Every structure is written in structure tokens, then in C-alpha cells.
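To start, the structure itself, in C-alpha cells.
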Amino acid sequence: MLASGNGSSHPVSFILLGIPGLESSHFWIAFPFCIMYIVAVAGNITILHVIRTDHTLHQPMYLFLAMLALTDLVLSSSTQPKMLAILWFHVHEIEYHACLIQVFFIHAFSSVESGVLMAMALDRYVAICFPLRHSSILTTSVVIKLGSVVMVRGLLWVSPFCFMISRMPFCPNKVIPQSYCEHMALLKLVCTDTRVNRGYGLFVAFSVVGFDIIVIGISYVKILRAVLQLPSDEARLKAFGTCASHVCVILAFYIPALFTFLTHRFGRQVPQVVHIMFANVYLLVPPMLNPIIYGVRTKEIRERVIRGCCSKEP
């Protein structure tokens, strides 16, 4: 059934298939996804709570980490509850506007996460290359303004996706062969020329992610040069240690994200099940790993979590 409005027609709802080819295993596949989602939610809420309650952590590095944790909560929660409903309870239908909202949240907060990672790279660059001026350069107001710019950029750049799709006619086919609504998946159901949408999608990808990766790369080249000029091995190891967590988080986010982006557009030889599994990994594994990585490798976070757990024991 199609609904009409604003000169376009669209389905009342779409059908999300989950993971095509593995239907018989959906029930069991849901368990690891559920565990990862619980870890992601619990870990990121813990990070937010520790940073909020400890005023000594109200520093640029931890404020950016709080932004990352909040973004991860939104990103994982925008897809996982519906995905678990599909895999466990066979609730495959998603209402049209709910699908567009999911598209908006996925792409907007993926952009925000990329921007936060860029901001964290700038923080590490200033901390290592200008240690005596770090607190005067990255003041709390500067951190908040940078976070606001990253947020606004994500919302403004992604909003046209939903607006343009909402104005386009859809074909009778309303089946989306994956577990969540995504821009390119919706475009495949549109019965008109989508070159403008695809072109805008590429523009956003390269202007947002491309810019962020370039800034991150330049920051770490300068960090590497500064670290190699340090007089002692101990100082170099300590400097590398402060960046290790951030590098791990960057790799966990960008590798599956780039694989998903490229296979959607150019990877016709990639099996569909591989593409869909990577698409799910891209939206769940980084939110799960980020609090673990920072919780284990960051002494201040680790000590406060342990202290909080011990204080609750009788």
C-alpha cells in the first residue's frame, strides 16, 4: 500500500529482512548482538557517570570522551532494539517515517562520531606538541564550541538525505534486505533517477569523513615527529601510550565504516551476508569497544571505576 503526499508516493511501511541467508540462525545470532549491545550501553553510561561525577576529569580529553560515549549510545540504540526484535520476534515491519528517522540518526551520529574522533586527535596533538599551552588553548569553552560545531555539521549535512528521499516516489517493492534502514538501501527502492542523491551522499562522505581523516592524519604525523624528538625512550613510550587508545578507537570505527561504504557502492562481488554483517559490526562494535579500550588503558577512568565498584561492596 502506498501513501501520497507532497507530490510523491511512499509505502506505509518497509520490511526489514534482518540477515538474508541466515534466517534459520537468526535466533542464535541475536544473542552475541544482544550481549554486545548491553556491554555498549553499560560501558558508555559508566564512562559518562564517572566523568560527570568527578570534577578532576572535566578536562578536554575526558570531555571529548564523554561526547564520544553519548554519540555511541545514540548510534547503537538507533538500530539494535529493532534488530533484536527482527531476529528474536520476527517483527520485520518498520513504519515509513520511523525508517526515515533511523536513516537520519544513523548517518548524523556517524558523522558526529567521526568529528569527535577528529577533535580528540587535535587534543592529543596540542597535549603532546604544546604541553605547556594545552590548558590555555583547549579551554572548556573551546571544547564545547568544537563539540557543538561537530554536532551541527552532522545534523545539517545529513538532513537533506531525509528531505530528498521523502519527496521521491517509491516502487511497489518495499523489502530492505538488511536489519536497519540506510540511505543507499532506500535509494534502491526509489522509482526515479537517484543520481543527485547518490552524488550528495558521496559529497557528504568525502567532505565529512575525508576531511576528518586528513586532519587526524596530519595531527598524528606531527605527533610522531614530536615524539621521536623526545630525549628518552621512557618519555617516548609514555607519549605513545597516551595516543594508543585513540588510535585503537579510530581503527575500530573507520575500517568497518569504509568497508561498508565502499561495498554499498562498488562491491557487487562481495557476498550480501558479508556486507550486512559488516554493516551491523560498524554500528555496534565501536560503541562496545570504546568504553572498554578507554576503561582499560586510561588510568584515571580505570581507577575511578574500580573505586566505585569497591565502595559498593559490604
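The backbone N, Cα and C atoms fix where each Cβ goes, and this holds for glycine too.
Outside the transmembrane segment (27-50), and at least 6 residues removed from its termini, the chain residues within Cβ reach (under 8 Å) are 19, 57, 65-66, 69-70, 72-73, 76-77, 80, 83-84, 87-88, 280, 284-285, 287-288, 290-292, 294-295, 301, 304-305, 308. What TrEMBL records for 27-50 (among others) is transmembrane segment.
Taken from TrEMBL, the feature domain 'G-protein coupled receptors family 1 profile' covers 43-294. Averaged over the domain 'G-protein coupled receptors family 1 profile' (43-294), the predicted model reaches a pLDDT of 91.
The feature transmembrane segment is assigned by TrEMBL to 62-80 (among others).
Annotation comment: TrEMBL describes 100-122 (among others) as transmembrane segment.
The annotation transmembrane segment is assigned in TrEMBL to 142-166 (among others).
Among the features that TrEMBL reports, transmembrane segment is placed at 200-221 (among others).
Under the heading transmembrane segment, TrEMBL lists 242-262 (among others).
The transmembrane segment annotation in TrEMBL covers 274-296 (among others). Using a Cβ-Cβ cut-off under 8 Å and counting only residues 6 or more beyond its ends in the same chain, the transmembrane segment (274-296) has close neighbours at 19-20, 33, 36-37, 39-40, 43-44, 46-47, 65, 68-69, 72-73, 75-76, 78-80, 83, 106, 110, 113, 177-180, 182, 245, 248-249, 252-253, 256-257, 259-260, 263-264, 267, 302, 305.
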Per the Cβ filter (under 8 Å) with a sequence gap of at least 6 from its ends, the transmembrane segment (242-262) is approached by 68, 110, 113-114, 117, 120-121, 124, 127-128, 205, 209, 213, 216, 220, 223, 275, 278-279, 281-282, 285-286, 289-290, 293-294, 297-298
Among 100-122, 142-166, 200-221, the most Cβ pairs under 8 Å with the transmembrane segment (62-80) come from 100-122
